[in-house]
Structure formats: structure tokens, C-alpha cells
């Protein structure tokens with residue numbers, strides 16, 4: 001496994017979207033920065049908020065794009081090109097409709113599951129899907145016609161607590177990923193349910 005050099009939290013920009021389910025990836029990156037006594041600062045050349053942390057002796061960049069979700073690839077590509085980071089050295093945290101709140105999974109590669117942020121990142125990397133994904137469960141509204149309103153809605157307190165607990169576990173597993181590797185990280189992460 002390549003070492004992770006860039007961790008991205010997908011989100012829509014602005015206060016109107018800050019607490020919506022679609023911003024779960026940004027919640028994870030914000031908390032990761034806080035736990036390492038860093039704050040994300042806007043950096044226009046990367047079209048997002050960035051920070052730099054040390055994860056178990058590894059120099060890691062953090063990025064929360066300020067583009068809208070469907071243009072996330074622009075920010076990821078800008079930072080990856082500038083720091084010469086390969087797709088398999090990137091972990092993208094995002095909301096996942098196919099997992100319930102309180103569950104989080106990690107994987108390398110795969111499809112985009114209809115997620116516009118992932119879709120745009122893949123297209124910017126010449127349709128290379130081989131980057132890591134941290135899939136933060138937000139649940140599904142049960143009807144595909146209600147998905148847009150659902151992901152752009154704020155979760156009720158009970159669901160928010162489950163999502164927050166899953167993000168806490170994901171943070172612990174990020175340390176394991178960097179220290180002990182992918183297999184150990186997913187063994188722990190995939191057995192967790194808030």
C-alpha cells in the first residue's frame with residue numbers, strides 16, 4: 001500500500017450547507033485537523049481549505065474543497081499536481097447513502113456510486129478510480145427521487161450522534177492505517193457500528 005499523502009473531505013461550500021449530510025467528509029477532515037492542533041485555512045490556488053499534519057511520522061496534506069461538490073476534482077487535482085501526489089496516495093472522505101448512520105467503511109478504487117464529488121475526481125484523474133475512499137454512512141431516504149433533498153438536509157440529532165461516533169472511529173482507524181497498514185485499519189473499521 002502507498003502511504004496516504006492527501007486526505008480530502010468532500011463538501012459543498014458555505015454556511016447553508018455546513019450541517020448537511022453531504023458534508024460528512026468535511027466533518028471528518030475538520031476534526032482530523034483539530035485533533036492535530038491545526039486549523040484549515042483557505043488557499044485559493046487549491047480551491048479549498050487546507051492544512052498540513054503529521055500522522056505517525058508521515059507528512060499529510062488536508063483539503064476541503066470550496067468548489068461545489070460536482071467540481072471537487074478541480075481542487076483535488078490542483079493539490080495533487082502541486083505536491084506530486086498520485087491517486088493511490090489520496091484518501092477521499094465522503095457521505096455514503098448505501099451505509100446507515102453509524103457505519104463507516106474504507107476501500108481502494110471502485111465505482112462512484114452516483115456520488116458527484118467522486119465522479120468529478122475520477123474524471124480529473126483520467127477516469128482512474130484507484131484512490132482510497134472513506135465512506136461515511138448517512139442512510140438512504142428509501143426513494144431515489146428524494147435523494148437530493150435528503151443529502152442536502154440536516155440529519156436529526158439521533159442520526160447526527162451516530163455519524164459523529166462513526167467519524168470518531170474513522171479518526172482512530174486513520175492512525176492505524178498510517179501506522180499498521182490498510183488491512184489492520186479496515187479489520188477494525190469494518191467491525192464497528194455505533
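Heads up, the Cβ atoms here are built off N, Cα and C, so glycines get one too.
Annotated features, as they stand in Swiss-Prot:
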- 12: site 'Discriminates between blocked and unblocked aminoacyl-tRNA' (SITE)
- 17, 68, 70, 116: tRNA binding site (BINDING)
- 22: active site, proton acceptor (ACT_SITE)
- 95: site 'Stabilizes the basic form of H active site to accept a proton' (SITE)
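Features recorded in Swiss-Prot, as mapped to the structure shown.
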residue: 12; record: site 'Discriminates between blocked and unblocked aminoacyl-tRNA'; Cβ contacts under 8 Å, 6 or more apart: 20, 22, 23, 68, 69, 152
residue: 17; record: tRNA binding site; Cβ contacts under 8 Å, 6 or more apart: 11, 23, 152
residue: 70; record: tRNA binding site; Cβ contacts under 8 Å, 6 or more apart: 116, 117, 119, 120
residue: 95; record: site 'Stabilizes the basic form of H active site to accept a proton'; Cβ contacts under 8 Å, 6 or more apart: 10, 21, 22, 23, 24, 25, 115, 136, 138, 151
Of the residues named as tRNA binders, 17, 68, 70, 116, how far apart in Å are the Cα atoms of the most distant pair?
16
Determine, from DSSP, whether residue 70 (tRNA binding site) sits in helix, strand or coil.
helix
Could you say whether, by DSSP, residue 116 (tRNA binding site) belongs to a helix, a strand or a coil region?
helix
Residue 22 (active site, proton acceptor): tally of other CB atoms within 10 A of its CB:
22
Greatest C-beta neighbour count within 10 angstroms, which of the binding-site residues 68, 116:
116
